[in-house]
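Remarks on the structure that follows.
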Amino acid sequence: MAEEVITPVYCTGVSAQVQKLRAKELGLGRHENAIKYLGQDYEQLRAHCLQSGSLFRDEAFPPVPQSLGFKELGPNSSKTYGVKWKRPTELFSNPQFIVDGATRTDICQGALGDCWLLAAIASLTLNDTLLHRVVPHGQSFQNGYAGIFHFQLWQFGEWVDVVVDDLLPTKDGKLVFVHSAQGNEFWSALLEKAYAKVNGSYEALSGGSTSEGFEDFTGGVTEWYELRKAPSDLYSIILKALERGSLLGCSIDISSVLDMEAVTFKKLVKGHAYSVTGAKQVNYQGQMVNLIRMRNPWGEVEWTGAWSDGSSEWNGVDPYQRDQLRVRMEDGEFWMSFRDFLREFTRLEICNLTPDALKSQRVRNWNTTLYEGTWRRGSTAGGCRNYPATFWVNPQFKIRLEETDDPEDDYGGRESGCSFVLALMQKHRRRERRFGRDMETIGFAVYEVPPELVGQPVHLKRDFFLANASRARSEQFINLREVSTRFRLPPGEYVVVPSTFEPNKEGDFVLRFFSEKKAGTQELDDQVQAILPDEQVLSEEEIDENFKALFRQLAGEDMEISVRELRTILNRIISKHKDLRTKGFSLESCRSMVNLMDRDGNGKLGLVEFNILWNRIRNYLSIFRKFDLDKSGSMSAYEMRMAIESAGFKLNKKLFELIITRYSEPDLAVDFDNFVCCLVRLETMFRFFKTLDTDLDGVVTFDLFKWLQLTMFA
């Protein structure tokens, strides 16, 4: 069959953002209505290829060196020399997508350090429901084959349907990366390609944690527990996790490469990924014993210690309960006591699944909430608590805890409280590796809302954080894709502040909140408003004679001040203030001020108009000096935020981002002339809006002429 190039259609710009928000409100991005990645529709593309008799070739992830990588696997790397992209039909006469179901033997690592991803894929094979959410049914190299396949992945809060062609990297007729033990089975290699596509290249997959893959295949959130420092109620946590259908895995750390696959005295394998499949309390000789059931997915090597298959401990258990627990010999699954589990294993991972991943009606679901946010230098990237001058500008999210955990969940005798998990994930960092950007160091802190602010959607300011310690926080700030921590706090309102470790580190993030009981959440942001003094417009007769004399001297014969004259006047004035760091008012800045203050539309300022501008500038100068805290002659972007609020303006995060982008220097300093221009524009625009908002509903309607008049001359 001939090959035909299919070009994807991309949505860009503001319209794409609006479309995305609307579509999300309608349910787009949920698993049952996954987003078509890069706008590629699998069914349409496949039908087109079948109709035209061509095999699909994906120009969004083409078979070229750049798709392999950028450094170790870059275009000129020795590791990629001789790589040829071939279809399975060119390698085998009878290639298969899946043979006799997906199993762990379908996944063998190739020349890529993505064992973390392959371990996650292997774990998927233990759960058919989850597997076929990622690997949709009905794909093959026989019926309706068109060289096109698709997979569904969770990406930062949304499910995406990813289309790939089946051109795979080969050397000497063999797959370079993941392959099956049988050789002719290709679902795992094609899934790896789909994952490489969303991350920009195969090389971007090098290095990671299994939990990252787990989350992208389930949409869940992972908790980590070091078993040497296990919380007293860990067994209760495991019971509840299993009850909710969570995926649990554990392992024994290795101290060197030589320990890999080493078998302990009691037949546990180091460096291996074990699944936790059950937990049960049994009555043993009159005492309740906590047991945990394990599965070794890699083989039949089983634990031989207490409570293992055929051990004497089972003789002390009621036969009916023993039969219920289905103790069998040599099936890769075994029981052990929870005490031995803590002693023998090193690490436990719990991947909590979202409600849409759980089809069973028997499991108890988490309540989940997801927020997307950004850190932008100068406006919302304040760094951690170590930087008190800027920490407060970070995005803030409120949690309202109302219902305490069920009494039967209070294993270990702790005081009642509300359990929840917070997970902070940074977005798109793998994809940005080719540009030299790697994971930022991230974390979060949790603060209790003071009584006087309960129920108010107020973005907490600097003074609050200077006076109050955090109530809880992430266990560490670390350069991983996600940081997650389980908390248990009394009912009340709390504010979560996610941040990078250092200020001015930019990035996008997702903050997820998983609660045992229903809880209220909201993003905190200031409401846009201005508290402006009544504008005193004096008549010419009321203006001070000294000011009139000054004006006549400055304005010249026409008794009006032009843009150039205003620039000369203002720069002469500020040159006398040696404490101000400024390059002087630009012609464009002065034109802006004239356009905004010019009431009769002649492009010049008369006596009254200049008097209003003059008084404003004097007021702005006093504010500028007040908030130039280090007396540097300029304000930082963060000082400017406080100064703007002092001038009577409350703005939200997005507006501050725009202002800092527009009015700050590359080093985020704001000089006096830019500060004045910003405030003049803000005040005039607020007053303009207030004049048009006659019914005070916060909405005005423009015709095209008014809109152009406002935007072209503002």
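Residue numbering: from 1, along the chain as shown.
From the backbone N, Cα and C atoms, a Cβ is placed for every residue, glycine too.
Sequence annotations record features per position, and here Swiss-Prot assigns active site to Cys115 (among others) based on similarity to another entry. Within 10 Å of the C-beta atom of Cys115 (active site) sit 16 other C-beta atoms, taking all shown protein chains into account.
Residues annotated as active site in Swiss-Prot: His272 (among others).
According to Swiss-Prot, the feature active site maps to Asn296 (among others). Its Cβ taken as reference, Asn296 (active site) is surrounded by 20 other Cβ atoms within 10 Å in the chains shown.
Among the features that Swiss-Prot reports, Ca(2+) 4 binding site is placed at Asp628, Asp630, Ser632, Ser634, Glu639. Ser634 (Ca(2+) 4 binding site) falls within neither a helix nor a strand when secondary structure is assigned with DSSP, and so counts as coil. Around the Cβ of Ser634 (Ca(2+) 4 binding site), the same chain contributes Leu580, Arg581, Thr582, Asp628, Ala669, Val670, Asp671, Phe672, each under 8 angstroms and 6 or more positions distant in sequence.
If you look up Swiss-Prot, you'll see 585-618 marked as domain 'EF-hand 1'. Model confidence over the domain 'EF-hand 1' (585-618) stands at 84, taken as the mean pLDDT rounded to a whole number.
The phosphothreonine feature in Swiss-Prot is assigned to Thr354. In the three-state DSSP reading, Thr354 (phosphothreonine) counts as coil. Cβ contacts within 10 Å of Thr354 (phosphothreonine), excluding its own Cβ and spanning all protein chains shown: 20.
Packing around Asp630 (Ca(2+) 4 binding site) is summarised by its Cβ count: 10 other Cβ atoms lie within 10 angstroms of its Cβ, all protein chains included. Shown for the domain 'EF-hand 1' (585-618): DSSP residue counts in helix, strand and coil, namely 23 helix, 1 strand, 10 coil. With a cut-off of 8 Å between Cβ atoms, the residues of this chain six or more beyond the domain 'EF-hand 1' (585-618) that come close are 535, 537-540, 543, 547-548, 551, 555, 558-564, 566-567, 570-571, 574, 673-674, 676-677, 679-681, 683-684, 713-714. Within the same chain, residues at least 6 positions away in sequence whose Cβ sits under 8 Å from that of Ser632 (Ca(2+) 4 binding site) are Arg581, Ala669.
The DSSP secondary structure for Glu639 (Ca(2+) 4 binding site) is helix.
Note on Glu639 (Ca(2+) 4 binding site): other Cβ atoms within 10 Å of its Cβ, all shown chains, come to 23.
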